[in-house]
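**Q** First the structure, then my questions, so here it is.
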Amino acid sequence: MTSSVDKVSQKVADVKLGSSKSTKNNKSKGKGKSNKNQVVEDDDEDDFEKALELAMQLDAQKLAQKKADDVPLVEEEEKKVEEKIEQQYDPISTFYPDGNYPQGEVVDYKDDNLYRTTDEEKRALDREKNNKWNEFRKGAEIHRRVRKLAKDEIKPGMSMIEIAELIENAVRGYSGEDGLKGGMGFPCGLSLNHCAAHYSPNANDKLVLNYEDVMKVDFGVHVNGHIIDSAFTLTFDDKYDDLLKAVKDATNTGIREAGIDVRLTDIGEAIQEVMESYEVTLDGETYQVKPIKNLCGHNIGQYRIHGGKSVPIVKNFDNTKMEEGETFAIETFGSTGRGHVIGQGECSHYAKNPDAPANAISSIRVNRAKQLLKTIDENFGTLPFCRRYIDRLGEEKYLLALNQLVKSGVVSDYPPLVDVKGSYTAQYEHTILLRPNVKEVVSRGEDY
């Protein structure tokens, strides 16, 4: 290709030279004196234009070929990303053919409940619920494997959609993507910096992870509606280490304090004391780490991520007690900002309201809204979902219908929760089982 262009270029040069000589000769003989000379000049110009046109065509072909040569490289990079996202995962059951999944961290109760550890009646009650505990453990093992994958694969420059799909497809793969029997417990949250919770990318999202971002990775796994709710914070710059250390310590404090008959306010008070004992220095300015007082942990019901009880991360005088057999998500949020969040930004998280009155459902008149509700019931039930999950089911032009379901009270929306812009927030969370004889931090792993 290069040699052909060079030959044409030489021809163009030759024609130019010939044309120049011809013009010079004509000028020496006087203008328009010889029609013969004028014809020669016109012929040379025609040759020049043809040669130039040919050269331009060959240059265009050369450029097109270069682009074609580059395409495989671009496609190869895109393919690598797609393969990473669409990687096949063997169902977790293939690794545990006997159906028994590993326990989490088992902790004896203390003080007045110490007797539970050896009490035969309590041990018998625990055995009766072994199938339930085992389903939580299955979800926890999936969570541990997926978050290890996430920590290994997530890098600055990845889009939020790439990260979310990497995590969610891995959960679906390990779960066997079994609809309401197993899979995502709620959408993958990837809240950045001053955004503390409830951000997951929608289909049109162009946001990209940067080196200096602080990202809360919060995702759930469920097995027959038994939900593992666990979260960690991912950073690349070690200047945030003290912030992460504060929140991790606060979460572990909440886990230690939790137990049967423990008052919720006492847990919040212990968490607050630990969190506020930390400081973090960022770009020469020192901040006390503040608990985000209007965020909290919660108990978990079957197919219900929020079961009705809230575990505060500050003292709040709620004397409600934890009870035997309950499951709790112990989570804490620390901030360099004001320690208070508000709902702001484009919503991605939704869930059918399990307490919606019957007349709210019967009041839905628009057929499209009824159809969408049927899709939600069949695929998510009362588990939280996001707009990308609806897209994935092939639904189109559903936003008006979704908003109608929200306005009717049948579906609840959960917009992103943000602290003051410019601040940084971190989160750590574990799921604990208050078994009759021991407390099990079922989602505990070697990482946190």
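The backbone N, Cα and C atoms fix where each Cβ goes, and this holds for glycine too.
Not measured: the values here are computed from a predicted model.
Sequence annotations record features per position, and here Swiss-Prot assigns region 'Disordered' to 1-47. The compositional bias 'Basic residues' annotation in Swiss-Prot covers 24-34. Annotation source Swiss-Prot lists substrate binding site at H198, H306, citing sequence analysis. Residues or ranges marked as divalent metal cation 1 binding site by Swiss-Prot: D218, D229, E429. Look at Swiss-Prot and you will find D229, H298, E331, E429 tagged as divalent metal cation 2 binding site.
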**Q** What kind of secondary structure is H298 (divalent metal cation 2 binding site) part of, going by DSSP in three states?
**A** strand
**Q** Distance between E429 (divalent metal cation 1 binding site) and H306 (substrate binding site) at the Cα atoms, whole Å?
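**A** That comes out at 14 Å between the alpha carbons.
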**Q** If you compare CA-to-CA distances from H198 (substrate binding site) to each of the binding-site residues D218, D229, H298, E331, which comes out shortest?
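**A** Nearest in space to H198 (substrate binding site), counting only the binding-site residues, is D218.
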**Q** Over all shown protein chains, what is the count of other CB atoms within 10 A of the CB belonging to D218 (divalent metal cation 1 binding site)?
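**A** There are 25 such Cβ atoms around D218 (divalent metal cation 1 binding site).
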**Q** Work out the three-state DSSP category of H306 (substrate binding site).
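**A** Once the DSSP labels are grouped into three classes, H306 (substrate binding site) ends up as coil.
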**Q** Within 10 Å of the Cβ of H198 (substrate binding site), how many other Cβ atoms can be counted across all chains shown?
**A** 24
**Q** Cα of H306 (substrate binding site) to Cα of H298 (divalent metal cation 2 binding site): how many Å, rounded?
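**A** That separation, Cα to Cα, works out to 6 Å.
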**Q** Using an 8 Å cut-off from the Cβ centroid of D218, D229, E429, can you name the remaining same-chain residues around the divalent metal cation 1 site, in sequence order?
**A** G189, F219, G220, S230, A231, A329, E331, Q427, H430, T431
**Q** Beyond the listed site residues D229, H298, E331, E429, identify every same-chain residue whose Cβ lies within 8 Å of the center of their Cβ atoms for the divalent metal cation 2 site.
**A** S230, A231, G297, I300, F328, A329, I330, H430, T431
**Q** Near the Cβ of D229 (divalent metal cation 1 binding site), how many other Cβ atoms are there if near means within 10 Å?
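**A** The answer is 27.
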**Q** I need the most crowded of these binding-site residues: E331, E429. Count other C-beta atoms within 10 angstroms of each C-beta and give me the top one.
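**A** Sorting the candidates by Cβ neighbours within 10 Å, the top entry is E331.
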**Q** Between D229 (divalent metal cation 1 binding site) and E331 (divalent metal cation 2 binding site), what is the CA-CA distance rounded to a whole number of Å?
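**A** Their Cα atoms are separated by 9 Å.
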**Q** Compute the C-alpha separation of E331 (divalent metal cation 2 binding site) from D218 (divalent metal cation 1 binding site), stating it in Å without decimals.
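**A** Rounded to a whole number, the Cα-Cα distance is 10 Å.
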